[in-house]
Each structure stands twice: as structure tokens, then as C-alpha cells.
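One structure is given here, and the rest of the page talks about it.
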Amino acid sequence: MRFQLVFKYVATLLFFLSLSYFIPFFYSLWCKDGLFHYYLYPVALTGALFLIALQIEGGELNIKEALLTVSLTWFLFPAISALVYQETGAIKNFIDAYFESVSGFTTTGASILTNIEALPKSVLLWRSTTHWIGGVGFVVFSLSVLPAFGAGGAQLMRFEASKAVEERLVPKVKEMARVILAVYVALTAAEVIALVAAGMPLYDAVNHAFATIATGGFSTKNGSIGEYHSPLIEVIVSFFMLAGATNLLTYYLALKNRSLKAIYSYYEFRSFMAIVAFAVAFTTLVLYFKGTYHSLLEALRFGSFAVISAITTTGFGVADYTKWPPVTQALMMLLEIMGGSSGSTAGGLKQFRIVTMAKTTYYEMKKTLHPRMVYRIVLGKKVVDYSLMNNIWAFISIFFSTTLLFGFLISLSGHDIITSFSASVACITGSGPGLEKVGPAGNFAFFSPIDKLLLSIEMVLGRLEVMSVLTLLLPSFWKE
């Protein structure tokens, strides 16, 4: 393990990520809230580390070094952001500030804030920015910045993004990074324009666009999207939540081939939209026939938004679904666990694992009737090899084991079972809200400092696909 090399690339990543502080810096100067100088501290700190890193000779990162680089960055950058929350006076306690920062960068959207609208606007803008750069920004920086310093962009990508079947879909990593960033910026700008046209103030539109495309969920309003009481805004946000939860590589192919067929013909997209359609129809009918809403249109409005927000792991809210029939609450949790497409900013198990698991289960059931049957799992015209299938089942096993473990640890503090385990689900999937005390109308402020640290760790575990970080605990990882 070449720790000097790891330090070099961690410092490099931290510095380039810290340049995003200029967004709230310039806004603070414009709105004259007197906080602008606080946003320069992280740039100065990471800049000093970067200057030291430049003195270290570069080299290609191996698998272990790439994994350690990514993991350290995801734990350290939120700590720097937490100091800014403290210095600006937005959040007094470091643990609370760290939790809020981790939630932002992992695009979880869970919050300890009880009065969001009381915070300075530049702080809220930074809070939303953490979503935006945490969504796909880290992938782009890993692919485009580090290779310039000799780091292996493809190896960093392996641990930052889901290991989809199309791992080698785009051979030119830097070209892919540029296109993904361009698509990301274009989608963000398009949503800002659409929201402003729908009547949302420009400041709010920028903040919500940052959070939507990243499938994060932070809002500038205490009542989230529901505060606007606008069906049109809800439709716009729903559309862009779906866009953010779609594999970004399909946008690359759509632009390259000048055809949308690359998007709608992709197996994950078809699976994703089929689940959304079924869940929307089911939720709408339950809400209507159970009398939660008195008109079918109203049930469709609130039900569809909740479903899309859950499966994209965004976490925006227009209604408190913890007051809905229990079956719809259970469905929201199930959708959060499923998540969006691989290669997207969404969390959860991801659709390619869901599809593979479903197909494998189906064929194994048939095999009980025909023991000699040989089958192949085909996804997107590609045969899934057994090593990947084993990886998927291992991931699912560790995913649920980790969720149960953290839920159990949280319950040790005396919290009820539903709150504890739904909080665990919300954090590992990156979805934000859970049930009971951590539902859409609640927050995570009541948890103890130890609970908040545990949930912060779980958020990073979920963002980096669990097994990647847990590998650090293996004694063999640290051996030459």
C-alpha cells in the first residue's frame, strides 16, 4: 500500500471538490449576508494539502489504493463541509453538521434541521450544492481530474459507480466523463427553466434542480415541494427525478447515436418504468378506495409523486405518507430498497440487480421441475456470467445484513422498531425519509450523537455499494 500516493490523490480530489465552494461564495457576496469569507476556508485548507501533494510523484493506483482513495474522500470531504456549517452558525454541533454534510454528499436527503427556512440563503445553496456535486460530480472528477495526475480513472469508477453489466460500455473514460457532465448540467439547467416558468422563484428553482437531478431531496422549504401547492411543479420535479434515476450512460449513447432508442430500449429503463407504472396505479387505487383522498385525480397526484420520489430515492414530499394506509407505507419502503438504474445518481439495490435476481429465481424454480435444465441470464443482449451473478447475490445478502445490523444498533437507544429500521433503510438506500418519527414530516434531529454517526457511516456504505468499504476491514486488504 503506497500511502503517499493515496494521500496525493485524496488531497487532489478534496481540492477540486472544494472549488465548488465558490458557488455559495459568489452568492453570499451578491446577497450581502456577510458569510462569504467562510466559504474560502475549505479552499485554502485543501489548497495547502494540494500543494504538498504536487511534490509527491504520481503513479497508477492499484485496486486497493483506488478503493482507499474513494473511501477516505467520502468520509473526509463532509467533515470539511461540517466545519463550514459550524463557522457560519447554521449548525452549532459538529456531529449534527457532519450528519447533514454526509447526507448531502451521499444524496440521501435525511436532515437534522427543524427550521430550514431560518438558515442563511447562501448556506442553503451550499447545502443543495452538496447534492449536486455528490450525485455525479464525484464520478466525473474521478474520471477526468485524477487521470491527468496519473491515477487510474477506470479503477476509481469501479468503486464509485455500480458495476453494471455494461462495465465496458464506453471505452474512452474521459470522453464519457465530459459527456455525462454536459448532460448533467443540461438537465439541471432545463429543470431550472421549467420550474421558473411554472412560477417557482429562481433561487428556489436552482436549489431544487440541484437536489432533483442528484436524486437528493434537500429543499429550501420546511414543507418540501408540497409547500408550493402546485401540481405543475410536482409534475416537473417528478419528470426530472425519473431523469436523474436513469442510467447516465444511456444519455451518452442517445447523443452518440442521435436517437432516444438507447434510453427506452435499455432493459433497466423498461424494468424501472414498469415498476413505476404498477406502483403508481396501485397506490392511486388504494388511496382512493380507502378514502384517503376523495377524488381519483387527487389520489393520482399525491400517490404518483410519492412513488416516484421513493423509487428514485430522492425523498421530496408533497404529502405525509405515514398517514396513509399501511400497505402504501410498506410499498414506499420496498420502492426505496429497489432504487433506480445503475449508473444513475439514485441509490437502492439498482434495477439491474432486481432484474437479475428475478430472472435467476424464475429459472431456479423451473429447474426444480427440470433438474437437468441449463439456463442463461441475458440482460441487454449480454449473457450474465456466473461470477457476476454470485456478486449480485453476495451484494444483496450483505446489503440486507448491513441494514438489519444498523437498524438493530439504532434500536439499542430505545427507539421503536419501525423508526429504527426504516431509518436504516432510508440511509443505506440514500432515500432520506422513512416511517414514524423519520417520515416525510419528521427529521433525524432526535437521534443521539452516536446514532447520527452510525447513520452517517451507513450513508457512505450505501453510496459506495457497501462491499467496497467493508473490504477495508479485511486483514488481507492491508497486506502487501
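For all residues, glycine too, the Cβ spot is worked out from N, Cα and C.
These numbers come from a predicted model, not from an experiment.
For T107, T108, G216, T313, T314, the entry in TrEMBL reads K(+) binding site. DSSP assigns G216 (K(+) binding site) to coil, not to a helix or a strand. Annotation for G216 (K(+) binding site): same-chain Cβ neighbours under 8 Å, separated by at least 6 residues, are G104, T107, T108, G109, S128, H131, W132, G134, G135, F210, T314, G315, G432.
Under the heading transmembrane segment, TrEMBL lists 7-30 (among others).
Residues or ranges marked as transmembrane segment in TrEMBL: 36-54 (among others). Residues 7-9, 11-12, 14-15, 17-19, 21-22, 24-25, 28-29, 80-81, 83-84, 87-88, 122, 126 of the same chain sit 6 or more residues outside the transmembrane segment (36-54) yet have a Cβ under 8 Å from a Cβ within it.
Among the features that TrEMBL reports, transmembrane segment is placed at 66-85 (among others). Away from its own ends, the transmembrane segment (66-85) comes close to residues 1, 6, 9-10, 13-14, 17-18, 21, 38-39, 41-42, 45-46, 91, 94, 97-98, 100-102, 104-106, 123, 126, 130, 138, 142, 151-152, 155-156, 158-160, 456, 460, 463-464, 468-469, 471-472 of its chain (Cβ-Cβ under 8 Å, at least six residues beyond either end).
Among the features that TrEMBL reports, transmembrane segment is placed at 132-156 (among others).
Residues or ranges marked as transmembrane segment by TrEMBL: 177-200 (among others).
Packing against the transmembrane segment (235-255) from elsewhere in the chain are residues 135-136, 164, 166, 169-170, 176, 179-180, 183-184, 187, 190-191, 194-195, 198, 208-209, 212-215, 225, 261-263, 266, 268-269, 272, 276, 304-305, 308-309, 311-314, 316, 339-346: each is 6 or more residues past its ends and has a CB under 8 Å from a CB in it. The transmembrane segment annotation in TrEMBL covers 235-255 (among others).
Residues annotated as transmembrane segment in TrEMBL: 267-288 (among others). Sequence-distant contacts of the transmembrane segment (267-288) (same chain, six or more residues past either end, CB-CB distance under 8 Å): 242, 245-247, 250, 295-296, 299-300, 302-304, 306-308, 311, 324-325, 327-328, 331, 335, 338, 340-342, 351-352, 354-355, 379-380.
Here TrEMBL flags 300-319 (among others) as transmembrane segment. Same-chain neighbours of the transmembrane segment (300-319): 107-110, 211-212, 215-217, 219, 223-226, 231, 234, 237-238, 241-242, 244-245, 272, 275-276, 279-280, 283-284, 286-287, 293, 328, 331-333, 335-336, 338-340, 346-348, 426, 429-433, 440-441, counting only residues six or more beyond its ends whose CB sits under 8 Å from a CB of the stretch.
Under the heading transmembrane segment, TrEMBL lists 392-412 (among others).
Same-chain neighbours of the K(+) site beyond T107, T108, G216, T313, T314, judged by a C-beta within 8 angstroms of the site's C-beta center, are, in sequence order, T106, G109, H131, A211, A214, T215, G217, T312, G315, T345, A346, G347, G430, S431, G432. Neighbour counts were taken at the CB atom with a 10 A radius for the binding-site residues T107, T313, T314; the maximum falls on T314. Cβ contacts within 10 Å of T108 (K(+) binding site), excluding its own Cβ and spanning all protein chains shown: 35.
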